[in-house]
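Student: Just lifted these from TrEMBL, have a look:
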BINDING   28, 30, 55, 77, 103, 122  S-adenosyl-L-methionine binding site
DOMAIN    35-210  domain 'Ribosomal RNA adenine methylase transferase N-terminal'
Ligand code: SAM
(Lines of atoms letter the chains of each structure in order from A and count residues from 1; the text may use other names and numbers.)
(Lines give C-alpha, C1' and ligand atoms only; values in the text may rest on other atoms or scores of the structure.)
Protein backbone atom coordinates (compact mmCIF):
# COMPACT_ATOMS: atom_id res chain seq x y z
CA UNK A 1 0.00 0.00 0.00
CA UNK A 2 1.17 3.49 -0.72
CA UNK A 3 -0.13 7.04 -0.51
CA UNK A 4 -3.44 7.69 1.17
CA UNK A 5 -4.29 3.96 1.44
CA UNK A 6 -1.46 3.38 3.87
CA UNK A 7 -2.74 6.02 6.30
CA UNK A 8 -5.08 5.33 9.22
CA UNK A 9 -8.55 6.96 9.36
CA UNK A 10 -8.51 10.50 10.76
CA UNK A 11 -10.52 9.58 13.85
CA UNK A 12 -7.80 7.05 14.74
CA UNK A 13 -5.11 9.70 14.10
CA UNK A 14 -6.86 12.14 16.42
CA UNK A 15 -7.20 9.50 19.14
CA UNK A 16 -3.59 8.30 18.74
CA UNK A 17 -2.08 11.79 18.95
CA UNK A 18 -4.53 13.21 21.51
CA UNK A 19 -5.70 15.99 19.18
CA UNK A 20 -8.66 17.23 21.20
CA UNK A 21 -9.93 20.32 19.38
CA UNK A 22 -8.85 23.64 20.91
CA UNK A 23 -11.23 26.55 20.64
CA UNK A 24 -8.42 29.07 21.00
CA UNK A 25 -6.93 27.78 17.72
CA UNK A 26 -10.31 27.70 15.96
CA UNK A 27 -10.07 23.94 15.57
CA UNK A 28 -13.05 22.44 13.74
CA UNK A 29 -11.67 19.45 11.89
CA UNK A 30 -12.83 17.83 8.66
CA UNK A 31 -12.63 14.06 9.15
CA UNK A 32 -14.49 12.81 6.08
CA UNK A 33 -11.87 12.10 3.43
CA UNK A 34 -14.46 12.11 0.64
CA UNK A 35 -15.32 15.64 1.64
CA UNK A 36 -11.70 16.79 1.91
CA UNK A 37 -10.99 15.31 -1.56
CA UNK A 38 -14.04 17.18 -2.87
CA UNK A 39 -12.72 20.45 -1.39
CA UNK A 40 -9.29 19.75 -2.86
CA UNK A 41 -10.91 19.31 -6.28
CA UNK A 42 -12.42 22.79 -5.99
CA UNK A 43 -8.86 24.14 -6.03
CA UNK A 44 -8.56 23.22 -9.72
CA UNK A 45 -6.01 21.06 -11.49
CA UNK A 46 -3.28 20.53 -8.90
CA UNK A 47 -0.90 18.50 -11.00
CA UNK A 48 2.21 20.53 -11.66
CA UNK A 49 1.29 23.02 -8.90
CA UNK A 50 2.72 23.72 -5.47
CA UNK A 51 -0.05 24.16 -2.92
CA UNK A 52 0.26 26.36 0.16
CA UNK A 53 -1.99 25.00 2.90
CA UNK A 54 -2.52 26.99 6.06
CA UNK A 55 -3.68 25.19 9.21
CA UNK A 56 -3.54 21.53 8.12
CA UNK A 57 -4.46 20.26 11.62
CA UNK A 58 -4.59 16.45 11.55
CA UNK A 59 -4.25 16.60 7.77
CA UNK A 60 -7.63 15.75 6.21
CA UNK A 61 -7.44 18.43 3.53
CA UNK A 62 -3.68 17.83 3.17
CA UNK A 63 -4.41 14.22 2.23
CA UNK A 64 -7.01 15.44 -0.26
CA UNK A 65 -4.58 17.87 -1.89
CA UNK A 66 -1.90 15.19 -2.21
CA UNK A 67 -4.24 12.49 -3.49
CA UNK A 68 -5.63 14.97 -6.02
CA UNK A 69 -2.12 15.28 -7.44
CA UNK A 70 -0.45 18.38 -5.96
CA UNK A 71 3.23 18.42 -6.95
CA UNK A 72 4.08 19.61 -3.44
CA UNK A 73 2.12 20.80 -0.40
CA UNK A 74 3.69 23.31 1.97
CA UNK A 75 1.65 23.25 5.16
CA UNK A 76 1.96 25.81 7.96
CA UNK A 77 0.51 24.73 11.29
CA UNK A 78 0.59 26.55 14.62
CA UNK A 79 -0.33 23.59 16.82
CA UNK A 80 2.75 21.42 17.43
CA UNK A 81 0.51 18.55 18.58
CA UNK A 82 -0.44 18.02 14.89
CA UNK A 83 3.14 17.51 13.66
CA UNK A 84 3.40 13.72 14.21
CA UNK A 85 0.15 13.15 12.28
CA UNK A 86 1.46 15.34 9.46
CA UNK A 87 4.83 13.50 9.50
CA UNK A 88 2.94 10.26 8.87
CA UNK A 89 1.37 11.82 5.77
CA UNK A 90 4.76 13.10 4.60
CA UNK A 91 6.09 9.55 4.87
CA UNK A 92 3.24 8.21 2.73
CA UNK A 93 3.94 10.83 0.03
CA UNK A 94 7.76 11.00 -0.10
CA UNK A 95 9.16 14.41 -1.00
CA UNK A 96 5.74 15.98 -1.54
CA UNK A 97 4.77 17.39 1.89
CA UNK A 98 6.77 20.00 3.76
CA UNK A 99 5.44 21.13 7.13
CA UNK A 100 6.42 24.34 8.88
CA UNK A 101 5.41 24.80 12.50
CA UNK A 102 4.39 28.38 13.25
CA UNK A 103 1.93 31.20 12.87
CA UNK A 104 0.92 31.72 9.24
CA UNK A 105 0.53 35.43 9.91
CA UNK A 106 4.26 35.65 10.74
CA UNK A 107 5.78 33.33 8.14
CA UNK A 108 6.73 34.16 4.56
CA UNK A 109 6.30 30.86 2.72
CA UNK A 110 7.43 32.00 -0.72
CA UNK A 111 11.04 30.86 -0.50
CA UNK A 112 9.73 27.28 -0.17
CA UNK A 113 7.40 27.39 -3.16
CA UNK A 114 7.81 27.18 -6.94
CA UNK A 115 5.19 28.65 -9.29
CA UNK A 116 2.51 27.89 -10.30
CA UNK A 117 1.17 28.15 -6.75
CA UNK A 118 -2.35 27.57 -5.46
CA UNK A 119 -3.53 28.19 -1.90
CA UNK A 120 -6.00 26.01 -0.03
CA UNK A 121 -7.07 26.23 3.59
CA UNK A 122 -9.66 25.48 6.21
CA UNK A 123 -8.61 28.09 8.72
CA UNK A 124 -10.00 29.82 11.77
CA UNK A 125 -12.20 32.51 10.29
CA UNK A 126 -10.41 35.53 11.74
CA UNK A 127 -7.02 34.35 10.47
CA UNK A 128 -8.59 33.46 7.13
CA UNK A 129 -10.01 36.94 6.58
CA UNK A 130 -6.74 38.62 7.53
CA UNK A 131 -4.74 36.40 5.18
CA UNK A 132 -7.29 36.86 2.37
CA UNK A 133 -6.94 40.64 2.60
CA UNK A 134 -3.13 40.31 2.53
CA UNK A 135 -3.22 37.96 -0.46
CA UNK A 136 -5.55 40.33 -2.30
CA UNK A 137 -3.32 43.36 -1.70
CA UNK A 138 0.23 42.38 -2.65
CA UNK A 139 2.73 45.09 -3.64
CA UNK A 140 2.55 43.94 -7.28
CA UNK A 141 -0.07 42.27 -9.43
CA UNK A 142 -0.38 39.44 -10.53
CA UNK A 143 0.17 37.92 -7.07
CA UNK A 144 2.20 34.83 -6.19
CA UNK A 145 -0.95 32.69 -6.24
CA UNK A 146 -2.99 31.44 -9.16
CA UNK A 147 -6.01 30.61 -7.02
CA UNK A 148 -7.22 30.68 -3.41
CA UNK A 149 -9.62 28.02 -2.14
CA UNK A 150 -10.64 28.96 1.36
CA UNK A 151 -13.22 27.92 3.93
CA UNK A 152 -15.14 30.75 5.57
CA UNK A 153 -18.17 31.27 7.70
CA UNK A 154 -20.98 31.33 5.14
CA UNK A 155 -21.80 34.94 5.97
CA UNK A 156 -18.20 36.00 5.19
CA UNK A 157 -18.22 33.96 1.97
CA UNK A 158 -21.36 35.82 0.92
CA UNK A 159 -19.63 39.14 1.56
CA UNK A 160 -16.76 38.11 -0.73
CA UNK A 161 -19.03 37.33 -3.71
CA UNK A 162 -21.70 40.00 -3.05
CA UNK A 163 -23.01 42.28 -5.80
CA UNK A 164 -24.29 45.90 -5.57
CA UNK A 165 -27.63 46.46 -3.89
CA UNK A 166 -27.23 43.67 -1.35
CA UNK A 167 -26.54 44.03 2.36
CA UNK A 168 -23.44 41.86 2.07
CA UNK A 169 -21.88 44.17 -0.55
CA UNK A 170 -18.95 46.18 0.73
CA UNK A 171 -15.18 46.47 0.96
CA UNK A 172 -14.48 42.74 0.90
CA UNK A 173 -16.54 42.19 -2.30
CA UNK A 174 -14.84 45.09 -4.09
CA UNK A 175 -11.38 44.08 -2.96
CA UNK A 176 -11.92 40.47 -4.01
CA UNK A 177 -13.67 41.13 -7.31
CA UNK A 178 -11.45 43.93 -8.57
CA UNK A 179 -8.58 41.61 -9.45
CA UNK A 180 -10.02 38.11 -9.18
CA UNK A 181 -13.00 35.96 -10.07
CA UNK A 182 -14.67 34.89 -6.85
CA UNK A 183 -17.37 32.28 -6.39
CA UNK A 184 -18.81 30.07 -3.68
CA UNK A 185 -17.76 26.55 -4.63
CA UNK A 186 -19.42 24.58 -1.82
CA UNK A 187 -21.52 25.18 1.27
CA UNK A 188 -21.17 22.95 4.30
CA UNK A 189 -23.46 22.44 7.29
CA UNK A 190 -21.98 22.66 10.81
CA UNK A 191 -22.07 18.87 11.21
CA UNK A 192 -19.46 18.46 8.46
CA UNK A 193 -16.92 19.46 11.14
CA UNK A 194 -15.72 17.91 14.41
CA UNK A 195 -16.66 19.62 16.69
CA UNK A 196 -19.41 21.42 14.73
CA UNK A 197 -19.14 25.24 14.69
CA UNK A 198 -22.27 27.32 15.42
CA UNK A 199 -22.82 28.44 11.82
CA UNK A 200 -22.68 27.06 8.28
CA UNK A 201 -19.49 27.36 6.25
CA UNK A 202 -18.66 27.82 2.61
CA UNK A 203 -15.64 27.26 0.41
CA UNK A 204 -14.79 30.29 -1.71
CA UNK A 205 -12.67 29.86 -4.82
CA UNK A 206 -10.85 32.91 -6.15
CA UNK A 207 -8.83 32.97 -9.37
CA UNK A 208 -6.36 35.80 -9.90
CA UNK A 209 -6.99 37.87 -13.04
CA UNK A 210 -3.86 38.80 -15.01
CA UNK A 211 -4.82 42.47 -14.65
CA UNK A 212 -7.38 44.46 -12.64
CA UNK A 213 -10.87 44.41 -14.15
CA UNK A 214 -10.79 48.25 -14.35
CA UNK A 215 -7.77 50.52 -13.92
CA UNK A 216 -7.31 52.34 -10.59
CA UNK A 217 -4.55 53.08 -8.12
CA UNK A 218 -4.87 50.43 -5.37
CA UNK A 219 -4.32 52.84 -2.47
CA UNK A 220 -6.75 55.44 -3.83
CA UNK A 221 -9.40 52.84 -4.60
CA UNK A 222 -9.02 51.35 -1.14
CA UNK A 223 -9.37 54.80 0.47
CA UNK A 224 -12.46 55.72 -1.58
CA UNK A 225 -14.15 52.39 -0.83
CA UNK A 226 -13.25 52.52 2.88
CA UNK A 227 -14.72 56.01 3.29
CA UNK A 228 -17.83 55.19 1.29
CA UNK A 229 -18.61 52.07 3.35
CA UNK A 230 -17.56 53.43 6.75
CA UNK A 231 -20.70 55.50 6.52
CA UNK A 232 -22.68 53.26 4.23
CA UNK A 233 -26.07 54.80 5.06
CA UNK A 234 -24.91 58.30 4.13
CA UNK A 235 -25.09 59.78 0.67
CA UNK A 236 -21.74 59.74 -1.12
CA UNK A 237 -21.51 63.53 -1.19
CA UNK A 238 -21.40 63.38 2.62
CA UNK A 239 -19.36 60.22 3.23
CA UNK A 240 -16.70 61.26 0.68
CA UNK A 241 -16.57 64.95 1.63
CA UNK A 242 -13.07 64.64 3.09
CA UNK A 243 -11.60 63.26 -0.15
CA UNK A 244 -11.72 66.44 -2.23
CA UNK A 245 -13.43 69.82 -1.78
CA UNK A 246 -15.14 69.40 -5.16
CA UNK A 247 -16.19 65.78 -4.61
CA UNK A 248 -19.74 66.44 -5.89
CA UNK A 249 -18.35 67.62 -9.23
CA UNK A 250 -16.05 64.64 -9.45
CA UNK A 251 -18.91 62.23 -8.70
CA UNK A 252 -21.05 63.87 -11.40
CA UNK A 253 -18.13 63.83 -13.86
CA UNK A 254 -17.99 60.03 -13.67
CA UNK A 255 -21.75 59.63 -13.83
CA UNK A 256 -22.48 58.94 -10.15
CA UNK A 257 -25.31 60.84 -8.47
CA UNK A 258 -23.94 62.52 -5.32
CA UNK A 259 -27.11 61.45 -3.49
CA UNK A 260 -26.42 57.74 -4.06
CA UNK A 261 -25.17 55.46 -1.28
CA UNK A 262 -22.11 53.18 -1.39
CA UNK A 263 -24.24 50.05 -1.61
CA UNK A 264 -25.53 51.07 -5.07
CA UNK A 265 -22.16 51.77 -6.68
CA UNK A 266 -20.62 49.14 -8.95
CA UNK A 267 -16.96 48.14 -9.02
CA UNK A 268 -16.56 49.87 -12.38
CA UNK A 269 -17.99 53.10 -10.93
CA UNK A 270 -15.75 52.92 -7.85
CA UNK A 271 -12.72 52.51 -10.12
CA UNK A 272 -13.80 55.49 -12.26
CA UNK A 273 -14.27 57.53 -9.09
CA UNK A 274 -10.82 56.50 -7.79
CA UNK A 275 -9.30 57.72 -11.08
CA UNK A 276 -11.21 61.00 -10.82
CA UNK A 277 -10.11 61.49 -7.22
CA UNK A 278 -6.47 60.77 -8.12
CA UNK A 279 -6.48 63.64 -10.67
CA UNK A 280 -5.00 66.78 -9.21
N1 SAM B 1 -7.33 21.89 7.92
C2 SAM B 1 -7.77 21.07 9.04
C3 SAM B 1 -9.07 20.40 8.71
O4 SAM B 1 -9.69 20.83 7.74
O5 SAM B 1 -9.47 19.47 9.43
C6 SAM B 1 -7.89 21.89 10.33
C7 SAM B 1 -8.88 23.00 10.29
S8 SAM B 1 -9.07 23.93 11.76
C9 SAM B 1 -10.52 24.86 11.31
C10 SAM B 1 -7.86 25.22 11.69
C11 SAM B 1 -6.41 24.81 11.81
O12 SAM B 1 -5.60 26.01 11.71
C13 SAM B 1 -6.04 24.19 13.13
O14 SAM B 1 -5.25 23.04 12.90
C15 SAM B 1 -5.25 25.25 13.88
O16 SAM B 1 -4.32 24.73 14.79
C17 SAM B 1 -4.59 25.99 12.72
N18 SAM B 1 -4.24 27.40 13.01
C19 SAM B 1 -4.92 28.29 13.76
N20 SAM B 1 -4.32 29.49 13.73
C21 SAM B 1 -3.24 29.36 12.91
C22 SAM B 1 -2.22 30.24 12.48
N23 SAM B 1 -2.21 31.52 12.86
N24 SAM B 1 -1.26 29.76 11.67
C25 SAM B 1 -1.26 28.46 11.27
N26 SAM B 1 -2.20 27.59 11.64
C27 SAM B 1 -3.18 28.02 12.45
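For all residues, glycine too, the Cβ spot is worked out from N, Cα and C.
It should be emphasised that the depicted structure is a prediction, and the values quoted were computed from it without experimental measurement.
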Student: Looking only at 28, 30, 55, 77, 103, 122, which the record lists for S-adenosyl-L-methionine, tell me the maximum pairwise CA distance in angstrom.
Tutor: 20
Student: Say we define neighbours as other CB atoms within 10 Å of the CB. Which of the binding-site residues 77, 103 has the fewest?
Tutor: 103
Student: Return the residues near residue 30 (S-adenosyl-L-methionine binding site), defined as same-chain residues 6+ apart in sequence whose C-beta is under 8 angstroms from its C-beta, sorted by sequence, else 'none'.
Tutor: 36, 39, 60, 61, 122, 192, 193, 194
Student: Radius 10 Å, atoms counted are CB only; among the binding-site residues 28, 122, which position scores highest?
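Tutor: In terms of Cβ crowding, the pick is 122.
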